[in-house]
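Engineer: Can you read through this structure? Questions will come right after.
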Amino acid sequence: MSSLADTIHIENVVASSDLGQELALDQLATDLDGAEYNPEDFPGVVYRLQEPKSATLIFRSGKVVCTGAKSVDAVHDALEIVFDDLRELGIDVDSTPPVKVQNIVSSASLEQSLNLNAIAIGLGLEQIEYEPEQFPGLVYRLDDPDVVVLLFGSGKLVITGAAESADAQHALAHVNDRLTELGLLE
Amino acid sequence: MSDSTIRTYSSDQRQTDNDETVSTPDEDVLTCPECGGQVIDDEEHGESVCVDCGLVVEENGIDRGPEWRAFNSTEKDEKSRVGAPTTNMMHDKGLSTNIGWQDKDAYGNSLSSNQRQKMQRLRKWNERFRTRNSKERNLKQALGEIERMASALGLPKEVRETASVIYRRALSEDLLPGRSIEGVATAALYASARQLSTPRSIDEVANVSRIDEMEFKRTYRYIVRELSLEVAPADPAQYVPRFASDLDLPDEVERRSRELISNAQADGVTSGKSPVGLAAAAIYASSLLTNHKVTQSEVSEVTDVSEVTIRNRYQELLEATEAAA
C-alpha cells in the first residue's frame, strides 16, 4: 500500500487570498515588473513567478488567486513573494492575509492496466461517469474525501478537488480497496 | 420499461392533483404506505401489491394496452373500444379529442357555412385547451422534436417511447429551466437509444439535432446524472450490424468483426477507447480478412470516424487477435 502512495505526485495547487482593498489594475500592471494585463481577454492582472514557478491572478476587487505551484508550501511562498512585491509598490497589505488552499490536483498510478468497463459496472453506475465516446477516462466521484478521481485504462489516476494533500492518499487507498474488493485488480 | 412507467406516472399525477404542494416522489419506485416495501404490478389480477407485506395498494387497475385481436365479427364488436392505447409519445398521451378538418358530419355530408364557422371556432379553442400551460406546450414541442430526430435516425418506436418518458421525467423534476428544449430532447433520445441497445453515435445524433454538439454532450451528462439513468457503456458490437449493412458487406464480415471485438475486450485493450472507433476498425479489418475489401475512407465516410483512428484501432485489434490465437 505504501508503495502505491509513493506514486502520488502533486501536479498543481490553487490557493486564494484577499487583500481587503480595491486595486487600480492599470497602474498596477505598469508598475509591477513582468505583469500581464489584457482586460479584453481576462479581467485580472497575471503575475508570473519563476521561483517557485507559479502564476498569480490579481483582480480589481483585491482578490488574489495563485495557481500552478507544485506543493502547498510553494503556493504559500509564492503568495508571500507577491505580497512583498505589492508592499514595495506602496500598497498596504496586511502582514498575513488569510490564504486558503482551494484545490490540489495529484496524479497517481495503480501500476496495472484497468478494465474500465468492468469498473464502471462494479462501482455502480450512479457514482461514476464513463463515456468513452466523449472522454477516455472514468470519472469517479467520492463523497469522503470529497474529491473526483479520473481513472484511465493505463492504470494512471488523476485526483482533483482535494482540499489538503492527505485527501489524495485517502482517495487512492479508497479506490484501491474498492477495486480489490470487487476483484478487479490483479 | 415504458409500460411500468406509464403506470407510475399516472398514480404520481393523481397524488399531485390531491395536494399541489407535495413534492414529486421518485417516479420509478413506489413504496408501500404500510411497511415501506417495494410495490409491484400484478398484471394478471390488475392489482398493485407490496412484495413484503402483501398489501394491495391499488385494485381494478386499468390495462391501457391495445385490445385488437378479434377473430370473428362478434368478437370484433365486443372488443371494440374507442381510441388507440395511451402513449407517452404524445403530450396528452393521446387522450384528448381531435376535431377533424374535413367539415363533414357523421354521414359524410358537407356542413352548412354557419356550421362550418362554428366548427372552425371550436377547433381553435380545442387546440388552445389541449395545451393549457407552458409545460404542456414545452412537452408538445419536445416530443415533436424527438419524433423528428428518431425518424431521421431510423430508431424504433420503443426508443421514442423511452425517450419521451425520460423527457417527461426531466420536465417534472424541473431540469428544463436554463437548458434548451431541443438539447434535452436530443439528450433523452441518445440516452434511450443507448439504454435499449440500439446506440447511435454522438456525431450521428448531433447531425440531426438543432443544437451544437458541445451543448448536446453537456446536457446529456447533466440529465444522466440528475435522473440517475444508469446508461451502461455502449458495446462496440452493437454498432457493427448497422455499419456493415451501410457498407453492403455480407454476414461473414459482421461475424468476423464481432470475433475481433470480443478478442480485444478479452485482451483488455478497449478500455477508454471510443466504441464507434472500435466498431469501424473491426469492420475494416474483417473486410480485409474475408476478402470483401472496403477502403479506410469508405469506412470513415459511413462511420464518422477518422482514417487515423481506424488505422490505430486496426493495429490493436489484430495484435489482440494474434495474442488470443
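Cβ coordinates are placed from backbone N, Cα and C, and glycine is handled just like the others.
Under the heading Zn(2+) binding site, Swiss-Prot lists B:C32, B:C35, B:C50, B:C53. Among the features that Swiss-Prot reports, compositional bias 'Polar residues' is placed at B:1-13. The region 'Disordered' annotation in Swiss-Prot covers B:1-29, B:73-93. According to Swiss-Prot, the repeat '1' annotation covers B:144-227. The repeat '2' annotation in Swiss-Prot covers B:238-319. The zinc finger annotation in Swiss-Prot covers B:28-58.
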Engineer: List the residues in the vicinity of the Zn(2+) site, defined as same-chain residues other than B:C32, B:C35, B:C50, B:C53 with C-beta within 8 angstroms of the site's C-beta centre.
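Structural biologist: Apart from the listed residues, the neighbours are B:P33, B:E34, B:G36, B:G37, B:V39, B:V51, B:D52, B:G54, B:L55.
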Engineer: Including all protein chains displayed, how many Cβ atoms other than that of B:C35 (Zn(2+) binding site) lie within 10 Å of its Cβ?
Structural biologist: 13
Engineer: Tell me the residue counts in helix, strand and coil for the repeat '1' (B:144-227), as DSSP assigns them.
Structural biologist: 62 helix, 0 strand, 22 coil
